[in-house]
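Participant: So TrEMBL says this about it:
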DOMAIN    B:97-298  domain 'ABC transmembrane type-1'
TRANSMEM  B:101-127  transmembrane segment
TRANSMEM  B:139-163  transmembrane segment
TRANSMEM  B:175-195  transmembrane segment
TRANSMEM  B:229-255  transmembrane segment
TRANSMEM  B:275-298  transmembrane segment
Amino acid sequence: MTLELERNVPDPADETPDGLRSPIDVDPEGRTSLAATAERAPAPWRRVLPWLSVGLAFAVVALVVAWALAPGLFTAQDPYTGVPADKLAPPSAAHWFGTDPTGRDLFTRVVYGARYSLLGGTVAVGVGLVAGTALGVIAGSIGGFLDELLMRVVDVLLSIPGLLLSLSVIILLGFGTTNAAIAVGVTSVAAFARLSRSEVVRVRRTEYVEAAFGSGGRWWSVLLRHVLPNSLTAVLALAALQFGTAVLAISTLGFLGYGAPPPTPEWGLLISEGRSHLATSWWLTTLPGLVVVVVVLSANRISGWISERREGAR
Amino acid sequence: MTYVASRVLSSLGVLLGAFTLAFVLLQALPGDAVMIRFENPELGLTAEQIAAIRESYGADSGLLAEYWHALSGALGGDLGYSVASGAPVRVLVGEALGSTLLLAGLGFVAAVLLAGLLAFAASLSPFSWLATLLRSLPSLFISVPVFWLGIVLIQLFSFRLGWISVIRPGPVEALILPVLTLAVPISAPLAQVLLRAIDDVRAQPFVAVVRAKGASEPWLLVRNVLRNAALPAMTIAGVLLGELIGGAVVTETVFARFGIGRLTADALNAQDTPVLQAIVIIAAAVFVVVNLAVDLLAPVLDPRLRRRVQA
């Protein structure tokens, strides 16, 4: 953190810009950098693959948003009342994801559960974005002692493992969907604060911002007109990444039983409930989990696409 | 020397900050655990009895006195008493620590092996499609919920294939699936950092020289590239540690193992703030020590950093 390792070594604490790229950073050209493969012209599917995966990622997110907004369009069945005669049926044309011990259609429950994950993810990212960006912008623009103090607070936040920090907030606020989402949001405050501070410091040093000051711009107007818009892409990429992480963390809290109470069809809770039928009904745990994986992968891919574009634009 | 002293001082500062944050979050804010537990009308305690209990937990004194009491206690190794069971937190944590250390240690070793294997295979793969596939595995690993992975592994290896018994497994048998569950998400960031470092080092001129001298790719990778790539991997130790602790909480729940994770979950269900506070502080302390060790070791391992540190 104080050590200057910039050229060879990514700063251990400064994992925001790194983490931003890392989970998705499969180089689109498959940069294997072996002398033999690098010289060969990339195969045609290589050019298409990154675009295909970004398109798929957006399609997945759009579908899940649609599930959350209008679940009735995607399924005609009821997520809360089941048909006891159909209980524990394996996946079929009538029940795509099978049914649970009370005969409720699992696909319907997953569709209705989308709103809890999406809302939770949005609240979590919102908490992290607002609180983190505020901290970072204040630290980066005022500087001096306050900057030092706020960044030490960020260090402290980073020193507590994410899950434990979430659990500390939950023990304070109590169980529930919104509380779990806030608790997850608190863990991303540090990342947003670091990123926005470094962006503000970077943009501040550019010539057009100097020029804006030189031509008599006041601090707040320059901040709003020049600094914030130019930091936006980086923050957006982090927000997309944090959204995926938040969906994952919220399902974990739901699984541990600290999120929405049953019979809410929250994804983590669905998986937790399916555990009692592990030996006989694989679909109860496997399929909702796959949905979580696909959504998180998509959010990460979108985040990677945003940062790739940003680097390409520079 | 100044560098070492300043790093140690700032680490202590972070630790004090973490302690203060945990204290503010879990003790200073209204609604303390003692009240929640003992003001329950079913217990039939009189107001005087509650006051006496509060006094015995030290919850009646002023906030600053309480903070000082907790801090000096923690420095002396006294982490207070569990509100739920009345046992000293130090004893509870001590009982659970061994099992979690075993799980986390093995999980970490397995993750390092997995990440190394992945980075190696991706760098040496003769087919570019295979390299692309292997390089995309870490982003998949990161997107998998740990608890779900554990359940799927149980389903596959215990119920489908019947390789690992779920009922009364032996001590080694009982560790295989939890360690694997923990290792997969930890290996992902490690593999990514390793892969990027390998790419970076390979682009450097000295590698071309070694290759021109006739070194084979595996030899080059082991002898020249890996040594240089190990340092960036070390610097994410702190991040990995956080995931390791979080992963242990979830893994212990999924596999019904006793340990710090179970202690955490029980503490949460019983509103047992002293226990949770102690676990948070211990985790932060481990994080700070690991990061300090990495920062102090880095210049020892890489002479290029030493010059910069002295300057």
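Using the three backbone atoms N, Cα and C, a Cβ is placed for every residue, glycine included.
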Participant: Per the 3+ Cβ pairs under 8 Å rule, pairs at least 6 apart in sequence, do the transmembrane segment (B:139-163) and the transmembrane segment (B:175-195) touch?
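Facilitator: Yes, the stretches contact each other.
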Participant: By Cβ distance under 8 Å, which residues at least 6 away from the ends of the transmembrane segment (B:229-255) in the same chain are close to it?
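Facilitator: For the transmembrane segment (B:229-255), the sequence-distant neighbours (Cβ-Cβ under 8 Å, at least 6 residues beyond its ends) are 100, 103-104, 107-108, 111, 115, 146-147, 150-151, 154, 174, 177-178, 181-182, 185-186, 189-190, 193-194, 196-198, 200-201, 261-262, 264-265, 283, 286-287, 290-291, 294, 297-298, 301-302.
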Participant: What residues elsewhere in the chain lie close to the transmembrane segment (B:101-127), defined as a C-beta under 8 angstroms and at least 6 residues from its ends?
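Facilitator: Tertiary neighbours of the transmembrane segment (B:101-127) are 134-135, 137-138, 175, 178-180, 182-184, 186-188, 190-191, 194-195, 198, 217-218, 221, 233, 240, 244-245, 247-248, 251-252, 257, 259.
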Participant: Give residue numbers and ranges for long-range contacts of the transmembrane segment (B:275-298): same chain, 6 or more residues beyond its ends, CB-CB under 8 A.
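Facilitator: Distant contacts of the transmembrane segment (B:275-298): 4, 7-8, 11, 14-15, 18-19, 22-23, 26-27, 74, 79-80, 82-84, 89-90, 92-93, 231, 234-235, 237-238, 241-242, 245, 260, 263-264, 266-268, 305.
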